[in-house]
């Protein structure tokens, strides 16, 4: 990798570099991009091309999330915009559909509301990309969102807390109620549902809520007095409510201080809805209502009616008799013309506005009817606020010079809004001071501001500009209007033609169809289309296989199985069956099984001992076996072949002597032999007997049978019908009425499906033969045949030789009783009514998890359908993650589409933070497929960029680490590079308890911390490594977990171990002396699997030779490179044979050697017994252990017959015997007995210096069987021979240990786990940078190899 160009600095602005960087971003992999950016230019992350795009912009556009996160960690500016369109990286990632990159940017603080040059934010881009089939209409199912100060509980959230942004009124969404109109007032709110029901909430004094009392309602409550009336419109003011029904009736309730209710005689208040009945309204159809604080307005197509306090807003003059209030509805005479046809009416506290179909707008105020505008055609909505009331009319409630200025808003079908204000007394069209065009679909008005809803579902809040403003503000307005791409010809006369409105976008409004506000502007409501409106990916439930499963149970029934509990012998055939299935379908069989063997009252059936499986055996007489088989087929499957049109039954109706031996004997007994028969032929005798038999049959035949002259005795359909009646199967008998046997085949004339009988746990409870027990102790008696037929899980459990099949105790299921009940109900009824009716999403998810575990596919699909119906903006991300985790594919697809359709709302609410990286990737792919325009948004890789083929996959990580450590000294930099080289080959950990992983053997580092002995390139072959019984393959080393990697740094801190290295003698490698290792103080003997420091060998030519063990600190220990190893091996080879000590014993350096290599070393040691007397050695060879029994999973402990204490004593004697002449210092040990208590291992970064200043590790040297750090001073000749008795004793000990381990109770294991966790907390093991603490169980000795034993053999 070449270094950056010499003329490149941190302020580089080279266009060539920018093009190279962007080219690599478009065509390189993530690691290649990282490597190139780290090496090509010092300013690669921020350098821009001619369009103002930098690497961050292109990475976001291409969806390279790994590079994006890498750049964010580098601290690049995330808010920088390009020159072309003013887009940030967030704009670009949304435009190209990379939601995973969007979420990374949002997590790092990028705002969604930053606008580009066209005034579009990132959310606006999502809105513009919405699929074309998504259109929001007033007729859609809608949800109510409210916000405001909520002083009087008018928002319906159940609390008095204020809301700063729109929040869902969840009462309606939970109940499936859709609202089409909301009216907000000071003390209460009114909600009208699409089904015509009225709900109110707020303060109830005066009866304004209409519930029959004056209690306050925190959440919306149904007005029961209007049940049975389909309401079409509501209006409300401060103290009363007006409701219009579809049939033109008007109901009012609330305070009637000003006679605004229109009820005669006028009550002071009315707390239930009462209909307005006036003679002026007879024969009139009211089409609309409106309400102000002091009055109520009704109108038809031809006239307007008002009632209430007459302060000038009723459209009539003062009463000359001094009547201040109009009690009954009175028509406005000023609007009583032949040509007037009313279309819209609105009212405020002090004014009334009427609109005709001709476009004339009239204002009723100050006891006058003024025409404010004309020819305003196609108006869809009109609003009014403010107004002045005559103070003298009611001084108690009115203030002198009170009221506000009148403002009228009108919206036409094209979305244009017109405004009339008493300030300028002219109707002006509104212009929006907003960077882009907006198209209005609904408006709302209060005394301070205007609220808008656009056709794209957005919400805005608008305010009038001040009359007096600075010149700079005027310039800003004009520039904003110019940017809105609208006609600017009005600018010269802007003050007189247009009303200027400054807009502010509402948050969390993305599907709005309607908006409303209270008159004071304190509380607001917005109706948004249901987020599932455009969802078409709906899960489907597969067809039922209920009867097919029971048919399979019947076909697989056998005399020897353990599922059937009754057998029927019909003729010479046996039919194994199941009592519960027969008894639940037939009262005959239910009584038979209740008789307990007493069959005297049953004809043609009796009990006979038991069958081969020990079940009850019943003999059925006078029934054809094939007929009984068809009967069983119908019982189990609700159908049979005789109900299939065109079926040709293959049934032998002629009596077989073998099958009906008893019947034949009875016929023979009836034959009369006379003396006259001696002279007759056999045929004549037979013919006479047949005639006699026929006559007897006719005599014995009942009279009722004479009617069925055309029923043949050989008709199989009638025979089956007779059998069905005999065994009380009326359903089959009635269905066979429409079946005929013609031309040797079945002809179905009329299909009679009948009523399908549902199974139930409560039916025939005396036949329950298995009990399920839930995890909370609740028991469910069940029937084994149903469980085995419906679920393979129970079939495998109860039909085999498992202990559950024969146990009389309840079967404990690790499932809660509520969930287990749903599972069992589904198995019996093939339905899940509880799931369909449940509103608890968590419960349904729990059932889905259990259904997935038990492989109940159809129940899982039912849960998916139920969860899809309960998808909301709050739980969509959670359900998507849940569906991905449990492979609920249909639910996942629905969640993906739901999130894609509501992407703007979910991004603004930050609801996607629960998604994992993989699920976010899937969401990005689905979102790009969902948007058709994404197919054209493809960034073509630049072809003219630099060649990056030389960059390897790992280069990005290498250069990242190099850049981080660039300012460190040279030695530390080289140290890091050596570490990354060692990390190039990935390591894998084995999950087994012992043995090596193949990748660990092949990819192990060339040096493990101690210098190799032997010849150059003397590396064991793979078979030798796998089959060697040397100390290196000792089971105590076991898994690769016990062999710490030299580059393993995270969380480990250990003291450094220093030892003196004697100068080379004749080019030989250094040999270490036991004197150089200082004994540690008070160090306990550690576990075998404790982390061990791995020494690293570095030769320092400028100072005295020394070796330092690797420290498990955040800085990785140095690793001996290949060149050093080759030099050492070369020096060894020059020296000749393996060096020997003056003791005549072989020096082992911890390398795992084969048996052949050990023999060669031993021979070399005997031959070369001189020349090395000046050297001191350290013996690191572990104690020899027998070969493990199982080569694939070797035991973690030694299987030697000697105890650990024997080894210590033996080693101590050996060291003592040579201490005088060898100058080898003894190493003290403190052994502890193995116990159940956990051991704590500390790897401290603060070592204890020895007398000579050397740091000694806290880790023991000889207690661990690790081949790198263990030693053995026992010569092979001193090992005692292994006897057969010791082997047998050892095997018995291992068997006993295995039994103890296997029968260890779960409670004890849990206690130990709690103890381990408590110790970890006590010793501050978590997040401790100074110490690495391990708490583990101590081993209890070797265990025998587990063996599978099959019972019953």
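Placed from the backbone N, Cα and C atoms, the Cβ positions cover glycine too.
Swiss-Prot tags one of the stretches 938-969, 970-1001, 1002-1033, 1034-1065 as region 'Disordered', and that stretch is 970-1001.
Between 1069, 1116, Swiss-Prot assigns phosphoserine to 1116; no such entry appears for the others, which is not proof they lack it.
Checked against Swiss-Prot, the range among 914-935, 1090-1111, 1134-1155, 1156-1177 recorded as region 'Disordered' is 1134-1155. Per Swiss-Prot, the phosphoserine annotation among the candidates 1113, 1264 falls on 1113. Taken together, the residues in the repeat 'RCC1 3' (248-301) have a mean pLDDT of 92 on the 0 to 100 scale.
Secondary structure counts, DSSP: the repeat 'ANK 2' (85-114) has 16 helix, 0 strand, 14 coil. The DSSP breakdown of the domain 'BTB 2' (768-836) into helical (H, G, I), extended (E, B) and coil residues amounts to 35 helix, 10 strand, 24 coil. Per-class residue totals from DSSP over the repeat 'RCC1 2' (195-246), listed helix then strand then coil: 3 helix, 23 strand, 26 coil.
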